[in-house]
Every structure is written in C-alpha cells, then in structure tokens.
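What follows is a single structure, written as structure tokens, with notes after it.
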C-alpha cells in the first residue's frame with residue numbers, strides 16, 4: 001500500500017486506547033460499512049505495508065489477517081482517521097463480496113424491527129463451506 005520511512009510519527013499521531021488499540025471501520029467501494037474491528041500498531045503497520053487489512057483479534061490475542069482462513073481478503077485503498085485521531089476508516093475492496101463470518105456481505109446485517117433484531121441481509125455462502 002505504501003512505503004514507510006523509519007519515522008513512527010504517523011503512528012504516534014493516533015490516539016490509542018489504554019490497551020494500545022484503535023477502532024477500525026471497514027467500508028466497501030459502495031460506501032457500505034462491512035465490518036468493525038480493532039487494530040494495534042503492528043496490525044496497522046502490516047496493513048500499510050502489505051495492502052491487505054490486518055486487525056488485532058482480541059479473543060485470539062493475535063494478528064488477524066482478514067481472509068487468511070476464508071479467502072475473503074480486504075484490499076485497502078485508503079486509510080483515514082476522524083478529527084480526534086481515535087478511529088480509523090479503511091476504504092476497502094472486499095474480495096469475494098463476503099466480510100462477515102456468517103457468510104454475509106456485512107457484519108451489520110441485524111436490523112431493529114419493533115423490539116426484535118431480525119436478519120435483514122441474506123447469507124451469501126454457508127459458513128460451513130467458507131471455513132472447511
């Protein structure tokens with residue numbers, strides 16, 4: 001995605017939380033928010049260097065190279081930060097069109113209908129077929 005010099009100024013300009021994390025929103029080329037995750041310094045640096053989204057898995061306590069198991073990589077076109085420098089917005093191309101482990105286009109598929117959450121988006125591929 002980009003060449004980095006030895007300066008860490010661009011990383012230090014961000015507001016990391018107490019655990020060294022920053023929220024990251026992934027938005028596809030149509031403007032749809034497809035995912036929310038966290039990044040640490042290592043995952044953000046790797047994302048910039050390799051051009052594919054790399055997050056920090058808080059549950060697995062390791063780098064999560066999006067698509068490493070499913071093949072549904074996220075090619076990063078640009079990275080922006082908000083006015084406070086405490087949230088990242090990744091403009092991505094979602095390879096395979098599936099961002100969610102449930103087999104949907106977006107992780108934001110549940111919609112509030114009255115007092116219930118209902119799935120508003122279809123499953124594009126059975127997760128059993130994605131994660132063999």
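Here the Cβ of each residue, glycine as well, is placed from N, Cα and C on the backbone.
Remember, predicted model here, so these are calculated numbers, not experimental data.
Applying an 8 A CB threshold to same-chain residues 6+ apart, the list for residue 84 (Mg(2+) binding site) reads 15. Under the heading Mg(2+) binding site, Swiss-Prot lists 82, 84, 86.
Summarising the environment of residue 83 (Zn(2+) binding site), the number of other Cβ atoms within 10 Å of its Cβ, over all protein chains shown, is 6. Residues or ranges marked as Zn(2+) binding site in Swiss-Prot (evidence: sequence analysis): 83, 100, 107.
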Pairwise Cα distance for residue 86 (Mg(2+) binding site)/residue 100 (Zn(2+) binding site) [Å, integer]: 24
CB contacts for residue 86 (Mg(2+) binding site) [other CB atoms within 10 A, all chains]: 13
Listed in sequence order, residues with CB under 8 A of residue 100 (Zn(2+) binding site) and six or more positions away: 34, 35, 106, 107, 109
Remaining residues near the recorded Mg(2+) site, that is with C-beta within 8 Å of the centroid of the site residues 82, 84, 86: 15, 81, 83, 85, 87
